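The disulfide bond annotation in Swiss-Prot covers Cys177-Cys191. The N-linked glycosylation site feature in Swiss-Prot is assigned to Asn46, Asn59, Asn121, Asn162, Asn218. Sequence annotations record features per position, and here Swiss-Prot assigns signal peptide to 1-26 based on sequence analysis. The topological domain 'Extracellular' annotation in Swiss-Prot covers 27-258, 308-326, 429-445. For 280-286, 348-407, the entry in Swiss-Prot reads topological domain 'Cytoplasmic', with the evidence type a curator's inference. According to Swiss-Prot, the transmembrane segment annotation covers 259-279, 287-307, 327-347, 408-428, on the basis of sequence analysis.
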Amino acid sequence: MIFTLLSTLPVLIITTELDYSELVHSAELVSSSSYIHHKTNKKPDNCTRDTDIIDRLLNGTGYNKFRIPQEEGMTVVVEIWIQAITSIDELTNDFDMDIYITETWLDPALNFQTMTPCKGNLSLNHQVLDRLWTPNSCFINSKVAQIHNSPFRSVFLMLFPNGTVMVNYRVRVKGPCSLDLSNFPLDLQKCSLIYESFNYNRQEVEMRWSDAEHPVFNLSKIMLPDFDLFEIQTERRQEPYPAGMWDELHVTIIFERRFIWYFMQAYLPTYLTIFISWISFSLGSRAIPARTMLGVNSLLAIVFSFGNIMRNLPRVSYIKGIDVWMLVSMTFIFCSLLELAIVGFMVRDETVAKKKQQKKISGNISREESPHGIISERRFMFPPGCSESSKSLSSCTSGWTPERIDSISSVMFPFSFFVFNIIYWFYYIHRKEIIKQNLINRVDG
């Protein structure tokens, strides 16, 4: 991969007509493309070979890599190419990615225009770079950052005749993420890196992003299981330290969570579980054991689903979007069990009252002998609309029967859940759009 990238570097510089005199404004540079256009198959007479140039620059001129090349200060131009973002870990709040970092600066002590070079530029490795002055830049907020060594140290150095130095590193970096799960799973997450010179303040080394339209860009499409890449933001800040002011180059990568997986794993099973719990309203007031088993199993299913989702998320002290969904869903199932308890209580009360009524009725039956010898019975009178075989006196007088409660519940529960869905989805989708708009306005500003 590194050979493919390095082979494309001259093409990138030619096609974009990159002018280092614009990138590094601290000194007047000659466009490096003029050197790359130079045909190496037509070498000038008595040209100087690469090894001789390096030997003269580093050994014959008293080059000192510990001294800043320009007393008035250096300007280092930075560009980052993202090769891959491999993972985002929400439990540890970090992300991993492979990147190429390109740094460009002007070192007048490395000017070899007068040496009649055989090539328009010199392509060198990290061994030569170790002998040159460098800005000692690093990611100051990274958890881990290391240059790839597969199979050799992945450092590319290009030296131009006018003293322009371009260094490219292939780095694996683990950076921090500031996770806000309040809108989870309809959320956006930000991960950031801060790049600066570790040893030099801005009076000695000025760090700035490339003038390219996108100083940080992707070499290929980023594919992650849970996230899509939404936006890459770059910013240059000046931060005070006890030793002076430092230039910091901030890059913020914003990810948008893929919602479909959570809908399939959390929301869809919850819908089905709640719909199943409503079946108990149609089983009748006498099927208490079956309705109890159905309600309890529904509650256990939704609790298990909730625990399975929360196991992969960090513990936070605020309420997440999915917490609201699961808690309200469990409340609906719990309320269906409360409705079942009320119906069961009324059925039991009805049964006890029926037995008492039957005893009372049997005691109130009087037998009277008629003139024709026929025995007639006088029974206890019930209120109008009630029968002694099906209703207790309390349910008759109040109008609330188990059947009526089930009938009302079969309408009110779906209606209430429908209203909750409208409020829930409108709020969290609207909130997500507000977050997006704020991020876009920040980029435009």
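Our numbering is plain: 1 for the first residue shown, then up by one each step along the chain.
Placed from the backbone N, Cα and C atoms, the Cβ positions cover glycine too.
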Inquiry  = Spatially, which candidate from the recorded positions Asn59, Asn121, Cys177, Cys191 is nearest to Asn46 (N-linked glycosylation site), comparing Cα atoms?
reply    = Asn121
Query = Of Cys177, Cys191, the disulfide-bonded residues given in the record, which has the fewest other CB atoms within 10 A of its CB?
reply = Cys177
Note = Across Asn46, Asn121, Asn162, Asn218, listed as glycosylation sites, the smallest other-CB tally within 10 A is for Asn46
Message = Using Cβ atoms and a strict cutoff of less than 8 Å, what residues sit near the transmembrane segment (408-428) while being 6 or more residues removed from its termini?
response = 183, 186, 274, 278, 281-282, 321, 324-325, 328, 332, 335-336, 339
Inter-residue Cα distance where the pair is Asn162 (N-linked glycosylation site) and Cys177 (disulfide bond), in Å = 41
Request  = List the Cα distance (Å, whole number) between Asn59 (N-linked glycosylation site) and Asn121 (N-linked glycosylation site).
outcome  = 19
Message = With every protein chain in view, what's the tally of Cβ atoms within 10 Å of the Cβ of Asn59 (N-linked glycosylation site), excluding that atom itself?
response = 10
Key: Distance, Asn121 (N-linked glycosylation site) to Asn162 (N-linked glycosylation site) (CA atoms, angstrom)   = 10
